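For reference, the structure is listed below as structure tokens.
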């Protein structure tokens, strides 16, 4: 009996050994088993992982099956021209490698669009798989990236035609022209045209690309290529996809970053956030769950409770099962594009809260937008857009103005993000506007990196600017003046300078301080409404501050006669007005320049002419003698009422404010010809004939033209007028000396009197007091040479003993 028992045990052991051997052979013979299957998933819920991987894995073939598959597959060699084009695409047309994922998702979206369209007329089109999704999965262990869609799929013929052939008619001519354009440094975007070759961007990051596809009208096939040749064969596993396509990339070593979940998620959000179909990424998250304790853990815990003197005894029936909190990694599909493109809906159907929520999500801002506009543009190019004005100006708005690219306008084509790297989508002065532009028919070049036809971009730009200005115009006056103008007023002024075609529209948005109100700002429309009956010009005065502008001698008579004067207090203001020739048929008049005239009666005209004749000796004396090289001419002023004189620029010269701004420029070197020309223009010296100083000067000049006091007075008046008119003095020391001389004369002090010399100080006696006391000398001698050296080095003051 014992012998039979031993024999039976041996048989069982032998049988078990054969079974294990068979299992080991089967495992060893499998190469690339479960290609694409993530090992992270297998460490968690096996059933979930198996179910999900069945829909996304490429194959589960063993080594012999893979060898047979590759031996029986039909191989195709890329033609020389196609191979050349492939290299051109990989090396030349794509500016950055990360766009490969955008292209693959875009192709997947196109395939989903096609099957959805087919399903409208064919009720069985979605029978194989009713889902319409894109799924992305990373397999770091096997260096694989999978992109699966449930779109229309491809037949064998379509795999060969669509993925194996890029060549079109005239390919050689196309390549030659492109090569010539590159050698000449010209743009190739016009030559490229619209090729459907975004798929080949996969070779930017992959050594090998494997495509498994199932079409409703054909069996499932596998397409494989290393960019040199490709092969196609029927999938021996049969129909594992149901319908759709899986693209598997065997990534290059330097492209391993694209296996990181964060990298893939960021790329999906960046480029494909608004795709119409849901995009999922197989990702993990850590959850804290409670699990029952094992028996040994429970026993240990009960022992610890028993040993604890402070433990509270619990009744048997109240005891609950022992559990512990455990952190567990859970894998599942995470939706990436949960933000819907609200610009695709009619504006009437979108609530205000939806616009605000979209703006905050889109711009990463916490505040609501100040204004927004949602519109559809039709014509030469059709697109939909939503534009926003932020509540506050972005930080560094004018840093590198004009050279810094604006990334606030994002361009989409069929909800696929193309670029926000623009120099010319919006003009520089509107660099604060944020928004999206989405077009279904915008032509792109092969790499989607640059717009194919720049004229269409100009059409889009033109419409965006018009809509933006309409949006700004509709902002309520109170909000506009209190908020918008403080944040973006400088932008509007720059727009007047830069945008000639929209200058009239922008002029209506301008706001300035004026003499009409001490604090409120005014528009040009409001100024024109308040103009006097026969006033034909808009008067303005520029200064570094309102106080300087309104205290200028140039505005004295204007304010006295009731004319409103606009105050320009910002450095850009005078440039802005100079670029604006007129507004509503009214020309602008700088009151610091020539040309200010008032309506006068015949009697007033006769009085003015008589005054000019009376002061003709003084005017000629100033022009030909006292101020000979300093002024263009001297005239009797019509604009002064309180000040004795003023220095007026010519129509084409610089005002004092403009000269100060130009000389303060960091790049000003003094070598610019035009700058030197404007700066060297002589001014007109206007005098007030009713001022006592001027009348007394006339009397003195008539008595003695060579009177030195009058000569000094004329120069001092000129230099004072230079300062009050906003100009800088070339020699401030000479001006100070003349003022001092005038003060001496007014106090009856001799102009030649010298400053009293300071009394010379007597040199201090450095010798030490000595006495005849022999005992003191003896004590000092006994102090030793060492103490004397110390006293000499420290230069101590004589002690009380020494003084005695």
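Backbone N, Cα and C define each Cβ position, glycine as well.
These come from Swiss-Prot:
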type	residues	note
SIGNAL	1-21	signal peptide
MOD_RES	64	phosphoserine
BINDING	107, 149, 162, 199	ATP binding site
MOD_RES	168	N6-(2-hydroxyisobutyryl)lysine
MOD_RES	172	phosphoserine
REGION	288-323	region 'Disordered'
COMPBIAS	289-317	compositional bias 'Acidic residues'
MOD_RES	403	phosphoserine
MOD_RES	404	N6-succinyllysine
MOD_RES	447	phosphoserine
MOD_RES	479	N6-acetyllysine
MOD_RES	633	N6-succinyllysine
REGION	749-804	region 'Disordered'
COMPBIAS	753-794	compositional bias 'Acidic residues'
COMPBIAS	795-804	compositional bias 'Basic and acidic residues'
MOTIF	801-804	motif 'Prevents secretion from ER'
Open item on the list: What whole-number Å value do you get for the CA-CA distance of residue 162 (ATP binding site) and the residue listed as 'N6-acetyllysine'?
Closed with: 56
TODO: Can you grab the distance from residue 633 (N6-succinyllysine) over to residue 199 (ATP binding site)? Cα atoms, rounded to a whole Å.
DONE: 77
- [ ] Return the maximum Cα to Cα distance in Å (whole number) over the record's ATP-binding residues: 107, 149, 162, 199.
- [x] 17
- [ ] State the Cα to Cα distance, in Å, between residue 149 (ATP binding site) and the residue listed as 'N6-acetyllysine', rounded to an integer.
- [x] 49
Open item on the list: Within a 10 Å radius of its Cβ, which of these recorded positions (107, 149, 633) has the fewest neighbouring Cβ atoms?
Closed with: 633
Task: Non-site residues, in chain order, whose CB comes within 8 A of the mean position of the CB atoms of 107, 149, 162, 199 at ATP - done: 104, 108, 110, 111, 154, 163, 198, 245, 247
Open item on the list: If you average per-residue pLDDT over the motif 'Prevents secretion from ER' (801-804), what number do you get?
Closed with: 35
Open item on the list: For the C-alpha pair, I'd like the distance in angstrom between residue 199 (ATP binding site) and the residue listed as 'N6-acetyllysine', rounded off.
Closed with: 50
- [ ] Please classify the secondary structure at residue 633 (N6-succinyllysine) using three-state DSSP.
- [x] strand
Task: C-alpha spacing of residue 107 (ATP binding site) relative to the residue listed as 'N6-acetyllysine', in angstrom - done: 46
Open item on the list: Most Cβ neighbours within 10 Å: which of the recorded positions 162, 479 is it?
Closed with: 162
Task: residue 479 (N6-acetyllysine): secondary structure state under DSSP, collapsed to three categories - done: helix
Open item on the list: What's the number of neighbouring CB atoms sitting within 10 A of the CB on residue 199 (ATP binding site)?
Closed with: 19
